[in-house]
Amino acid sequence: MANLSRVPGRVELLCKTMVERVTPVLSNSSAGGADVGDAQTAWQHPPNPGDKSTQSVLRAFASLPASVVLGHLQSSLQGLAEAEANKRLNVAGPNLLTSTKPVPWWRLLLLILPNPFNILLAILAIVSVATPDPNWKTFTILMVMIVISCALRFWQEYRSGIAVIKLQSSVKMGVQVRRQHMSLEKPMGAAVPESKASIHQQELVPGDIVVIQPGLSIPADCLILESACLQISQSSLTGESEPLRKVPSLQFEKFEQEGDSLFDLENIAFMGTSVISGSGLGVVLRTGDDTFIATIMKELKKKRPINSFQRGIRNVTYMLIAFMVTMVPIVLVISGKSTGNWKDAALFSLSVAVGLVPEMLPAIVNANLARGAFLLSKKKAIVKRLDSIQNLGGMSILCSDKTGTLTKDEIALLNYIDCQGNRDSGVFQLAYINAVCQDGHSNNIDAATIKFKSPENNIGIPNYTKVTTIPFTFERRRSSCVIRGPTKKLKLICKGAFEEVSALCTRFRDCTSTLELDREKREWLAQTAHRFSSEGQRVILIASRELSEYQVDGDDIEGDLEHDLTAEGFLTLLDPLKEDAAASVQRLQDLRVDVRILTGDNLPVALNLCRALNLVTHVDEESIQAVTGSDLARLEGTEEFHNVVKSCKVFAKLTPSQKGQVVSSLKREAECVGMLGDGINDCIALRLADVGISVDSGAGVAKDCADVILTEKALDIVADSVTIGRVTYGNTIKYIKMVASSNFGNVFSILIASSWLPFQPMASLQILVQNLLYDFSQLAIPWDRMDEEYLLEPKQWNVRDLLRFIVVLGPTSSTIDMCTFCLGWFYYGIRSTDDPEAVKRFQTHWFMQGLLTQTMIVHLLRTAKIPVIQRRASRILVASTVAIMLIGFSIPYIPVLKTAVKLVRPENSFMGFMVVGLVVYCIEVQLVKMLYIRVFGTWL
């Protein structure tokens with residue numbers, strides 16, 4: 001049995017239980033006993049059967065000796081036999097997370113069909129054929145509109161899904177493992193030849209021995225068995241840029257104190273984290289959906305919350321339904337009483353209901369979104385969900401992760417200063433020589449120091465010869481080297497953490513001389529180091545010492561040489577901003593997007609980032625604009641939590657769940673919230689946001705949760721995407737406002753005419769044809785331009801604003817309708833149903849005038865400026881409106897068409913009246929627009 005004398009409390013009991021459970025199983029297995037089946041499956045069971053949660057299992061493994069863990073997993077340092085690995089792969093399944101498969105086409109289609117507008121059109125289509133006199137033309141037209149809108153959306157989202165899968169599958173990951181060239185049935189004690197094999201990450205199983213090397217992305221949750229200066233970055237999980245050391249030490253305290261962070265376990269390497277430096281061996285504990293990452297994935301399986309676009313579409317649909325419920329009964333009663341024909345009145349009121357609904361709305365909305373997706377693809381962005389394009393335009397708050405998103409996720413040398421606070425190339429020369437001499441034992445600080453030297457920096461390095469090296473260890477927190485300089489004298493150069501190196505210093509360099517390091521100077525150095533640390537920088541102290549020949553001949557070089565050092569100066573290092581981060585954030589702020597920082601890193605680092613990005617003018621650790629995850633945890637479930645989230649710009653030391661809580665809290669304030677992140681710890685927030693944005697180099701899980709994926713690491717794409725989103729939203733709301741106000745104006749005119757005229761001012765089919773022609777003229781809307789001023793602020797769905805626009809502009813359009821009615825009644829004398837041809841002429845006049853006015857008036861309504869003079873529509877929109885006006889004007893003159901639509905040739909004199917009416921109407925609308933903007937301060 002393993003030695004358990006040093007193991008405390010609960011861990012001792014756990015060890016004894018496991019050893020007692022594993023030993024007989026293995027013995028029976030080797031002896032060919034009856035429990036061979038148990039031996040073959042014991043590796044599947046957790047070490048603590050009472051609690052099978054991933055966190056508890058990993059804590060339990062971390063607190064056990066390696067021999068006990070290997071025994072439980074039925075493995076060894078030589079690895080698994082190939083046959084056994086294959087058996088386990090069949091049992092455990094491939095080492096993959098769920099959610100990597102594309103959505104099947106049929107499921108995507110089912111998700112697209114139940115759009116609120118589609119449902120509304122479908123109901124109207126069914127009602128149109130459910131009457132005693134079914135109108136199959138109306139039914140066909142409405143169903144065609146539904147098919148067109150669904151086809152547009154399906155094609156774009158299906159293509160985007162395929163593109164994302166190709167992006168993810170382009171990254172293949174191989175893993176080196178130890179494998180035995182024998183089966184487990186070989187007699188105990190026989191020689192076990194081992195070798196390294198390279199396998200695909202998917203083929204890893206519990207018990208595999210993984211060879212850990214620099215640059216490796218940890219392929220599964222592993223227990224560290226051996227390590228040599230091993231440093232692993234957990235930034236994808238925690239957001240902290242500082243790499244952690246990983247050693248094969250037992251984590252007793254972490255098991256006893258389960259409130260501690262799971263990420264503090266020094267002997268556990270988590271799936272998805274990255275090896276920065278060093279090497280080691282690890283035994284695979286958990287794979288696939290049993291890993292820690294999978295616990296985050298479980299949060300993502302919850303139903304996705306409704307986003308800003310979906311809320312807007314739903315509210316607009318409700319508004320149109322409210323209009324129909326109000327107007328249709330009124331039209332039915334008035335028309336029935338005035339004509340006495342209730343059957344025709346019912347059919348006419350149904351046509352009014354159809355006339356109130358923009359039939360082409362789903363198609364034009366999806367055409368707008370598809371056009372936006374195409375423009376974003378040109379900007380190197382893949383849109384997975386078309387809804388997200390308009391959410392980009394409405395985004396008022398962007399929550400951004402720090403590490404790897406705004407920063408490069410790598411340590412870079414920032415400055416080198418002497419003990420007087422001045423930049424000194426001599427300090428860098430010593431640091432550079434020390435870094436180069438650590439060959440084979442270098443870490444990320446050494447790599448950053450070596451990388452900093454370039455022709456641009458123009459820092460010369462004196463000739464030297466390496467004599468020996470004292471490598472870095474986590475216990476010493478420093479590394480040293482002995483060199484022979486140009487004068488052939490020996491010098492020791494020490495580099496390391498400020499506290500450890502300063503304790504070895506007795507003097508400091510002052511220009512060319514050295515002075516005694518008294519208490520006052522020691523305090524100054526400590527304050528300087530603290531100041532840099534408070535700004536989020538890593539501080540390294542450089543020291544040196546002149547040596548004689550006999551001093552390097554002893555066995556205890558470390559103890560003999562690292563004392564009485566002279567402090568030379570500081571290195572400061574930082575995870576630097578991406579080159580375009582500051583400019584991109586400024587562009588977003590210019591677009592009135594409030595940028596918030598959500599990071600798992602510590603508060604000083606986050607604050608330093610905010611200062612570099614000019615996100616706030618003044619912020620410190622006591623500021624109300626900065627808060628940590630522990631502070632938020634104390635406020636969770638209270639109203640104060642939401643107040644703090646609303647006012648804060650910087651959120652540090654957040655867990656993945658807390659990032660999601662912050663996003664949800666901001667959405668609670670009716671904000672349209674975006675999330676920019678590429679780590680596993682960003683997934684929950686990406687899913688909960690109105691629009692989630694990731695990059696192609698981000699974690700696979702993050703890309704699964706994102707709505708938009710940037711195929712290049714250029715943050716400027718985000719600002720471009722916001723602008724494109726606003727153009728897309730603007731063109732969509734432009735169409736909705738124009739068509740809804742026009743339709744309402746028509747229905748308002750019908751309502752007045754029904755109480756006045758003894759006949760219907762326009763037949764049901766004529767209303768439908770007029771609406772369709774107008775809608776077809778608007779198919780060019782996605783290619784239209786928006787006013788530059790409109791793009792300067794976030795735009796969100798506002799039903800109140802839409803209702804106000806309809807109520808003001810709708811009756812305005814009815815004024816010219818009333819003039820046309822009066823012209824027919826008083827001038828042409830059409831006052832009864834006795835002359836069917838005269839009634840058709842009345843309807844023809846209004847059909848032509850209505851179509852021409854609402855099509856031409858598009859150019860006045862599409863901009864807050866004066867049309868043509870100050871702002872012009874796109875050429876394609878001009879062409880489409882002119883074409884539809886010509887078609888509408890020609891229908892009464894083409895025998896086949898006028899017969900089909902039940903129109904007649906208009907009076908020649910009506911042409912003159914119509915031209916005058918159009919001119920007067922344009923002037924009226926422009927005046928109403930100017931007054932509307934003056935009163936309400938907005939237009940579209």
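Glycine too: its Cβ is placed from the backbone N, Cα and C atoms.
Copied over from TrEMBL, here are the features:
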DOMAIN    60-133  domain 'Cation-transporting P-type ATPase N-terminal'
REGION    29-54  region 'Disordered'
TRANSMEM  108-130  transmembrane segment
TRANSMEM  136-155  transmembrane segment
TRANSMEM  316-334  transmembrane segment
TRANSMEM  346-370  transmembrane segment
TRANSMEM  802-826  transmembrane segment
TRANSMEM  846-864  transmembrane segment
TRANSMEM  876-897  transmembrane segment
TRANSMEM  909-932  transmembrane segment
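In this chain, the transmembrane segment (136-155) lies out of contact with the transmembrane segment (909-932); the count of Cβ pairs under 8 Å, excluding pairs fewer than 6 apart in sequence, is fewer than 3.
Residues 116-117, 119-120, 345-346, 348-350, 352-353, 356-357, 736, 740, 744, 747, 750-751, 754-755, 797, 799, 802-803 of the same chain sit 6 or more residues outside the transmembrane segment (316-334) yet have a Cβ under 8 Å from a Cβ within it. Here the domain 'Cation-transporting P-type ATPase N-terminal' (60-133) has, by DSSP, the following mix of helix, strand and coil residues: 43 helix, 2 strand, 29 coil. Long-range contacts of the transmembrane segment (876-897) within the same chain: residues 770, 773-774, 776-781, 783-784, 844, 847-848, 851-852, 855-856, 858-859, 862, 903-906, each at least 6 residues beyond the stretch ends and with a Cβ under 8 Å from a Cβ of the stretch. Residues 115, 117-118, 120-121, 124, 127-128, 131, 133, 135, 138, 141-142, 145-146, 148-150, 152-153, 155-156, 313, 320, 323-324, 327-329, 331-332, 335-336, 386-387, 389-390, 728, 731-732, 735-736, 739-740, 743-744, 746-747, 750, 760, 763-765, 767-768, 771-772, 775-776, 778-779, 781-782 of the same chain sit 6 or more residues outside the transmembrane segment (346-370) yet have a Cβ under 8 Å from a Cβ within it. Beyond the transmembrane segment (802-826), the same-chain residues lying 6 or more positions past its ends with a Cβ under 8 Å from any Cβ of the stretch are 316, 319, 733, 736-737, 740-742, 744-746, 748-749, 752-753, 756-757, 761, 841-842, 845-846, 849-850, 853-854, 857, 861, 910, 913, 917-918, 920-921, 924-925, 928, 932, 936. In the predicted model, the domain 'Cation-transporting P-type ATPase N-terminal' (60-133) shows an average pLDDT of 82.
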